[in-house]
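Here's the structure we're looking at; comments come further down.
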Amino acid sequence: MTLIWRHLLRPLCLVTSAPRILEMHPFLSLGTSRTSVTKLSLHTKPRMPPCDFMPERYQSLGYNRVLEIHKEHLSPVVTAYFQKPLLLHQGHMEWLFDAEGSRYLDFFSGIVTVSVGHCHPKVNAVAQKQLGRLWHTSTVFFHPPMHEYAEKLAALLPEPLKVIFLVNSGSEANELAMLMARAHSNNIDIISFRGAYHGCSPYTLGLTNVGTYKMELPGGTGCQPTMCPDVFRGPWGGSHCRDSPVQTIRKCSCAPDCCQAKDQYIEQFKDTLSTSVAKSIAGFFAEPIQGVNGVVQYPKGFLKEAFELVRARGGVCIADEVQTGFGRLGSHFWGFQTHDVLPDIVTMAKGIGNGFPMAAVITTPEIAKSLAKCLQHFNTFGGNPMACAIGSAVLEVIKEENLQENSQEVGTYMLLKFAKLRDEFEIVGDVRGKGLMIGIEMVQDKISCRPLPREEVNQIHEDCKHMGLLVGRGSIFSQTFRIAPSMCITKPEVDFAVEVFRSALTQHMERRAK
């Protein structure tokens, strides 16, 4: 079904009766009490848009047994959302179904990963076909899916970014990019923003500047943080700084063609270059929009000037497109294009395979040769036939279904809707983003902008889940809701999500008033 028809066939309905229980198949039971919305006060409750998909009957482990296995055998640092974690059973496009049959609108897409929809029919068909043909060879043999995919991906990047290294995850991709930068420059120092997340491997932890991911052990040698040019929470920034339909509530007197905040943050960047690194550096990592840090956007023109400063020091510029790439931002296919810059290296993962483990590093022939001189890079699973076939299918779906255009249209529609909530509720401090990458930052009040306490954000998060909406979390104090649905999302589903947020915020304000 085309996106146009899906927009027309999914009207938003509201019910004013008692709280609605999420849909459940009558024959499903795990022997545990199920989460309902009966805890919510009697407000107008948003009703989910319809879904024409029926999930299979759940026939696996009981919920309590899952909890026992998780506690006994899985990593203790792996935590799940919600007081009662969801046991998800099946997915279809923008929808998820739990083991009890309840349906949820997925507005986080597996941490900004399921780009074209859960179990997209075309991607499924390609995967099944390749599964029956060839699973694995390693790169010591050639196979068509790898070469077909490389040609398609290279065509989407500007010259001279044409040499592709296929790997399996964003952390792997960023580690390889670090090696490339150091091999090419013969320097060690790499700069990244405070609040940046570039991976959780021992090597990339040096680039990641979020306290949750820091260890009391040495690691990430040669990595230096610099101030994040955050126009909402940083010392400078105002109402004309961001490349977004929605600006901050802070005022500024900048002329349309001159951003004073950008100039101030560039001075801080120069200070880092003067005091914290050697005279010659290896490179600079930047996400076009910070993801884990809560969808932070930089002042217009900042990255362009920062790239010039880095190159003047002999460094290369790396764009981490793990969360921003493949049309998610709407106006452009790649996030770096929104800043009018051309990186020397681009890393990508997550949406590249719609959830299948896959990643890539793309660079210039010159930098690729520098790596080849010092390292015979090899990756057993990089360029796997299954991954490449799926990657090709994802690119085809994005083009055939106009998903980049949908991200622009529906994302802008959603940003403007959420901006109205910001104006309506004192605890919504900022709404920001571009396309289908949106952040909603919660504050105690708009004057101090102190982060809303975690326990209060947790309750709003729970209330959204009880009403059938799944969203992510981000920022240093986990005070920002991250909105990044699959790019097939429709306006009626956005209307539902906004009404869920309005209901959750209203209930929270009522709790505060008691």
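Positions of Cβ are set from backbone N, Cα and C atoms, glycine also.
Given the structure is predicted, the values throughout are model-derived calculations rather than measurements.
For Lys71 (N6-acetyllysine), no same-chain residue lying six or more positions away in sequence has a CB closer than 8 A to its CB. If you look up Swiss-Prot, you'll see Lys71 (among others) marked as N6-acetyllysine.
Secondary structure at Lys71 (N6-acetyllysine), taken from DSSP and collapsed to helix, strand or coil, is helix. Under the heading N6-succinyllysine, Swiss-Prot lists Lys71 (among others), citing similarity to another entry as support.
Summarising the annotation, Swiss-Prot assigns N6-acetyllysine to Lys84 (among others). All protein chains considered, the CB of Lys84 (N6-acetyllysine) has 15 other CB atoms within 10 Å.
Annotation comment: Swiss-Prot describes Lys262 (among others) as N6-succinyllysine, evidence class similarity to another entry. Neighbour count (other Cβ atoms within 10 Å of the Cβ, all protein chains): 24 for Lys262 (N6-succinyllysine).
According to its DSSP assignment, Lys262 (N6-succinyllysine) is helical. For Lys262 (among others), the entry in Swiss-Prot reads N6-acetyllysine, with the evidence type similarity to another entry.
Swiss-Prot lists Lys304 (among others) with the feature N6-succinyllysine. Sequence-distant neighbours of Lys304 (N6-succinyllysine) (same chain, 6+ apart, CB under 8 A from its CB) are His339, Asp340, Val341.
Its own atom aside, the Cβ of Lys350 (N6-(pyridoxal phosphate)lysine) has 27 Cβ atoms within 10 angstroms in the protein chains shown. Annotation note: Lys350 (N6-(pyridoxal phosphate)lysine) sits in a helical segment as assigned by DSSP. The N6-(pyridoxal phosphate)lysine feature in Swiss-Prot is assigned to Lys350; the stated evidence is similarity to another entry.
Sequence-distant neighbours of Lys417 (N6-acetyllysine) (same chain, 6+ residues apart, CB-CB distance under 8 A): Val494, Asp495, Val498. What Swiss-Prot records for Lys417 (among others) is N6-acetyllysine.
Annotation comment: Swiss-Prot describes Lys417 (among others) as N6-succinyllysine.
The feature N6-succinyllysine is assigned by Swiss-Prot to Lys420 (among others), with similarity to another entry given as support. In the three-state DSSP assignment, the secondary structure recorded for Lys420 (N6-succinyllysine) is helix. Within 10 Å of the C-beta of Lys420 (N6-succinyllysine) there are 14 other C-beta atoms, taking all protein chains into account.
Under the heading N6-acetyllysine, Swiss-Prot lists Lys420 (among others), citing similarity to another entry as support.
Look at Swiss-Prot and you will find 1-41 tagged as transit peptide.
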Rounded Cα separation (Å) that holds between Lys420 (N6-succinyllysine) and Lys262 (N6-succinyllysine):
27
Round to a whole number and give the Cα-to-Cα distance in Å for the pair Lys350 (N6-(pyridoxal phosphate)lysine) and Lys84 (N6-acetyllysine).
26
Between the Cα atoms of Lys262 (N6-succinyllysine) and Lys84 (N6-acetyllysine), find the distance and write it as a whole number of Å.
44
